């Protein structure tokens, strides 16, 4: 029985990156051998065990054989006869198909180290095409390693295009799409994930709502990049730069979906796109089974981002409706994520990436003065039922109007 460190830990060691988790392959052993040593079985589809002390994963060396469409369509075979090289052969990319022996020796049968040095993301074998999730993983690695200068090997991109043409990508289930998508969104540079998917044709199958934005013009006076899809990716890059969490980045990605439904005869304008986008956002979130927090923020940013941008121009009554539409008087925690997404949208324009967003400070102050108006004095004054709500609304509008009168206007940019 021999144990090898495999996969991402070996790759990250060679790149000089922090190793966050370690996975191991055990060659020449049976499940009983590990159980006798106190390892706890956790694998449902194939033999994976947790170390009794470190709780790191140890998997028996295995091979796999394609039996049907999608990532579920595999039969696995684990036995003491399976070699390390056979186990590494089933992995997706050469940079993930290396191992280290306990004496430090590097086992690299598929030239992963060479591809690391050449900054190439290359598939191990034609078996890559058997699992559509690998396209998403490839795109995610392109995002993760973009700062290091990695690119997808041309032959790997060609194989991905063939997978899309063969319909293999259509077998992806929503849970796996969301799992890879959400991980990619949280990378420091998430944009290459979508670039790679678009380049191989997978974006149109996995996220058609997003793919449709490319080629749709925008007014160049406001959007020097001139293309809705490009603006969306620029805004996404800004959301990462500003430190947005997953709900913020997801909301930014979806905020302009409504522009795909604008009749071409009114291009490059997109009147009411914020209204038309809401049902598209809701349907996409439902299809991918996105978490509630992601759904809620995406819907609100889609619906209200234009009002946030125009905050200084709104009437006091409209400003109050914005605060109420965001449900801030009950859910104050929504304010900062909403403002961050709106700032990313405003900065997601070619040449305007460092533009200030004074609307955020103003909207914080607007919420503060409006929230300071409560029902208590009106209840104490004897107001009843609807009278109370009407009085609170009147007083909040009065407070917001006073704020607008006294608040210093920002310089035009």
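A Cβ is built for glycine as well, from the same backbone N, Cα and C atoms used for every other residue.
Under a cutoff of 8 A between CB atoms, and with a sequence separation of 6+ in the same chain, the neighbours of residue 137 (ATP binding site) are 92, 93, 180. Swiss-Prot lists 8, 11, 91, 137, 140 with the feature ATP binding site, giving sequence analysis as the kind of evidence.
In sequence order, 95, 96, 98, 112, 116 are the residues near residue 11 (ATP binding site), counting only same-chain partners six or more apart with C-beta under 8 A. Swiss-Prot lists 8, 11, 91, 137, 140 with the feature CTP binding site, giving sequence analysis as the kind of evidence.
Per Swiss-Prot, the feature Mg(2+) binding site maps to 21, 23; the stated evidence is sequence analysis. In the shown protein chains, 16 other C-beta atoms lie within 10 A of the C-beta of residue 23 (Mg(2+) binding site).
Sorting each residue of the domain 'HD' (228-329) by its DSSP state yields 78 helix, 0 strand, 24 coil. According to Swiss-Prot, the feature domain 'HD' maps to 228-329.
For residue 21 (Mg(2+) binding site), the count of additional Cβ atoms within 10 Å of its Cβ stands at 10 [all protein chains shown]. Inclusion criterion for the binding-site residues 8, 91, 140: a C-alpha placed within 10 angstroms of the C-alpha of residue 21 (Mg(2+) binding site); this criterion is met by 8.
Take 8, 11, 91, 137, 140, the residues named in the record as contacts for ATP: the widest Cα to Cα gap among them comes to 15 Å. Each residue in 7, 92, 93, 95, 96, 141 lies on the same chain as 8, 11, 91, 137, 140 and has a C-beta within 8 Å of the C-beta centroid of that CTP site, without being one of the site residues.
Here the Cα atom of residue 23 (Mg(2+) binding site) is found 8 Å from that of residue 8 (ATP binding site).
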